Amino acid sequence: MRILFIGDVIGRAGLDAIAAHLPGAISDWRIDLTVVNGENSAGTGFGITEQAYDEIVAAGADAVTLGNHTWARKETVEFIGRAPRLIRPINYLPTAPGRGAGLVETKGGRRALVINALGRLFMDPAEDPFGIIDRELRARPLRRSADAIVVDFHCEATSEKQGAGHFCDGRVSLVAGTHTHTPSADHRVLPGGTAYITDVGMTGDYDSIVGMRKDGLLRRFTTGIPSGHPEPASGAATMCGVAVETDDETGLALRIAPVRIGGGLEPAVPAFWTSGA
């Protein structure tokens, strides 16, 4: 199975990058499953609106994951129940609307389980992600219940993300770290066969501070004076993520590569799909 995971979409610039680059990548690389983190895709850069969700799905996303800004927009509480591809963190309280894991039918007619979880280090309070992920994987194990399993681990601390990768190794196809909006260079297949990256980066304008306009945040850093709510940067955005190929027999990863298209970052595409392999 060919999996494309795209990192945090930031505001209008991120949505425009998704519209411009995602459909072509899905077609050119014959992607079976596309997962996009949309938790910053609202015009404010915080949360998701129904319009933003619809745009991400229209561009080709099979699942849209969220994070700590899930409830930043009141309307999300209203529309999450009618958004079948929207996956919010699984370790919110059980009474929270929406779902934290979902089975998705891939373009090839196979099944993929997508799980979204929040870390707890330097984050708002949440239930234990490790125990809840473990219960989900025991209830719906790889191969028996799904041909591939993708975990979006939305977290600040690199150590907690790495812990999640090793905790899930051999049990899922991919653990993709999100939240810091900065792509890491540690993409690899772990010893047990799980593809892993600490952070896939954001889909946003990198001439910014984590996707937000520089001026207000620099004023805050240099004077200590709050400068109001940061606004998303509006320049050309880079679509960032990872490409993963799995073994059809085991559901585990064979290879992983970074994806960076457009905007100001150095381009990167999966050579194992673009070199005729």
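Every residue, even glycine, has its Cβ placed from backbone N, Cα and C.
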Of the residues His21, His179, His181, only one is listed by TrEMBL in the Fe cation 2 site with Glu39, Asn68, His154. Which is it?
His179
So TrEMBL lists Glu39, Asn40, His181 for Fe cation 1; which of Asp8, Asp152, Asp207, Asp215 goes with them?
Asp8
Tell me, in order along the sequence, which binding-site residues from Asp8, Glu39, His181 have their CA within 10 Å of Asn68 (Fe cation 2 binding site).
Glu39
Name them in sequence order: residues not among Asp8, Glu39, Asn40, His181 whose Cβ is within 8 Å of the mean position of the Cβ atoms defining the Fe cation 1 site.
Gly7, Val9, Ile10, Gly14, Asn37, Ser41, Gly45, Gly67, His69, Thr178, His179, Met202, Gly204, Gly211
Starting from the Cβ centroid of Glu39, Asn68, His154, His179, which together make up the recorded Fe cation 2 site, report each further residue of the same chain whose Cβ lies within 8 Å of that point, ordered by sequence.
Asp8, Asn37, Leu66, Gly67, His69, Thr70, Pro89, Leu118, Cys155, Thr178
